[in-house]
């Protein structure tokens, strides 16, 4: 009957919009391919010293491997809470919450089906000189164990010839909730298929780290990096002291000594000696997880490239890991009526 149509038809439209797809941002100099599945950056092309475009992020040619969960968080936005929460438990306003345990004894990156494994709605996709795309996701009360409905948006914009900006916002609708999102791209400035990043140099604008126990949970201490293998206060090859930190770096740096530019702190400068590509990352987040792809092992990615251990580096600006259980860490709790805002600027150049 006639009255059935309004019910059936809109749901078909919604289904069409909810399909995982790939979108392009292109300003003629750099090109970014991003999906509404997990807000995932699948490719990012920037020029080297000769002007040759190279794809500098690990990933896959199609969406299939992402959907089949083959990717170890390649390129996605992780949440509601990035990084590890101790034993998947926290107490907020007298109520204890339990999260899925998916990383040893802990909960990692929002749980079994975090923001990286859902299809976001595309609310805007602009072309032109400053192309951008905005994604939106509504997380429900109790989703993956977290309290309260949460409305989240993420906008990727090419703000200059060789700059990508990401702005993330989250608004709790009815309950206080922890929120800490992170962008989890695996970078290799020599090209995604060029082997390890041990010859890349890094300068991290942090004089302290938050040391961790054997399950990668911060001890609560804030420890100076001076005189340790964690010291990247001046430019240093990633491979120089990596053998002194077990299987590699996977640590939260306290961003406390970078210069500021339009409200964002300089977090890290990454440089590849072969292509001369440089990435300067700016953020308003208090921490940076510096991770050297220690667990990547024989993943077949774009163009048949095989990605191995230390084949990339992640630069995840974030709230401190397990901050919800550490009163001396910057709070990640957002109140209804408040807003979580997290921005980062990826500035590419050659030198």
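Any Cβ shown, glycine's included, is placed from N, Cα and C.
Please treat TrEMBL annotations as automatic predictions, because they have not gone through curation.
Keep in mind that what you see is a predicted model, and the values were worked out from it rather than measured.
If you draw a 10 Å sphere around the CB of residue 84 (beta-D-galactose binding site), it holds 24 other CB atoms from the protein chains shown. TrEMBL lists 83, 84, 184, 185, 186, 250 with the feature beta-D-galactose binding site.
The active site, proton donor feature in TrEMBL is assigned to 184. Counting every protein chain shown, the number of other Cβ atoms lying within 10 Å of the Cβ of residue 184 (beta-D-galactose binding site) is 26.
Per TrEMBL, active site, proton acceptor is recorded for 316. Over all protein chains present, the Cβ of residue 316 (active site, proton acceptor) has 23 other Cβ atoms lying within 10 Å.
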Which residue, out of the binding-site residues 83, 185, 186, 250, shows the minimum number of other Cβ atoms inside 10 Å of its Cβ in this structure?
250
Expressed to the nearest Å, what is the distance separating residue 316 (active site, proton acceptor) and residue 250 (beta-D-galactose binding site) at their Cα atoms?
10
